[in-house]
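Engineer: First the structure, then my questions, so here it is.
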């Protein structure tokens, strides 16, 4: 016990290592499961790279604890065993600091979007490095002063400022979370924020206790082994509990291997409970399509819109119709339901409007900037000008080819079949045989047979 307490390699060390590998594997599966299941395209927005940075920071945190607390028997002459590399840089700015900064960035996005009802004033790729600067400065200062012992421990006068830095960022996260706690979120954003605050506060308390015990009782072997075991186990729990994609990608947060109930939504409109969204209903009204009518009027017909969308997708130009469809679903949300309108507007902006979006639409710079710089994401006419441009674009590039395509012929055929079925249902509802024609009276060759077959029912009615 005495030798492995100093050099590493105790049985409890390997148990802790196994638990950390298991926790990070679960975290990796949890984070990539929705992308593998639905084969979603990779985007350049913060909705993708913020969770990615959380994964990197989680890996760095676990690896830094492994390397700086002597879990392995590695010669100290190796350059990669430096306490300042792992215990200062990787564990601080690239580990726990980056984790906290990612969550603060996500929380600040929620504050601007749902409280201020506008997109954040500072882009995430600028905001994140800015709030990470104090961690980098602190790591550079500690590295220059070199206060660590040969066992990577700090004295009390160094430990207290480091703990204060950790606590300051948790306090900032608490403050931003408190500013959005009154919003009735539709997904797990608020719950994930409070959970992150709880586990990070508990982790700091455990780490401080372990560092203090290591510093005061550094001659007790079993305490050294137990404290570093506890450090790695708590960090393994932290990285799993702290990770969240609900703030960045709320729709994907509903797709998880942990959810046994079937709550997988293909579109944001379905997830928000917008009526009559998603697949076509059997009761969808039947109407004839006149190609001479304006395209914007024809697109109000859901069956036509889906046929037109399938044609556009086959031409690799479906983003315009998909954009129209989602804006159409947004219009169904009442104007006083600001939270759902903001969810839908944010989804449309991230999917179709921002530069590099998965299905970026071709609109003018003026219309794009009007949407991105809006002061109210819930306003009804947010996408009005962009929608007019998209309809004109579809009328010019897609409509003419659609009328001569197999998609329109199939749509007409399906409409005729449904129309005939509807007329047949109406006829059977009139108590006529399916073989009867529209001829009535004495000209109908089946008129006499019909009267004989129904005479009993008619006589009963007469008696009544």
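Backbone N, Cα and C define each Cβ position, glycine as well.
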Engineer: Check each of the ranges 15-37, 268-290 against TrEMBL and return the one annotated as transmembrane segment.
Structural biologist: 15-37
Engineer: Examine the ranges 49-72, 313-336 and name the one recorded by TrEMBL as transmembrane segment.
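Structural biologist: In TrEMBL, the transmembrane segment feature sits at 49-72.
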Engineer: Taking residues 6+ outside the transmembrane segment (125-146), which of them lie with a CB under 8 Å of any CB in it?
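Structural biologist: Residues 46, 49-50, 53, 84, 88-89, 92-93, 97-98, 101-102, 104-105, 108, 158, 161-162, 165 contact the transmembrane segment (125-146) from elsewhere in the chain.
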Engineer: Sort out the residues at least 6 away from either end of the transmembrane segment (15-37), same chain, that have Cβ-Cβ distances under 8 Å to it, and list them.
Structural biologist: 51, 55, 58-59, 62, 65-66, 71, 228-229, 232-233, 235-237, 239-240, 243, 245, 249, 252, 255-258
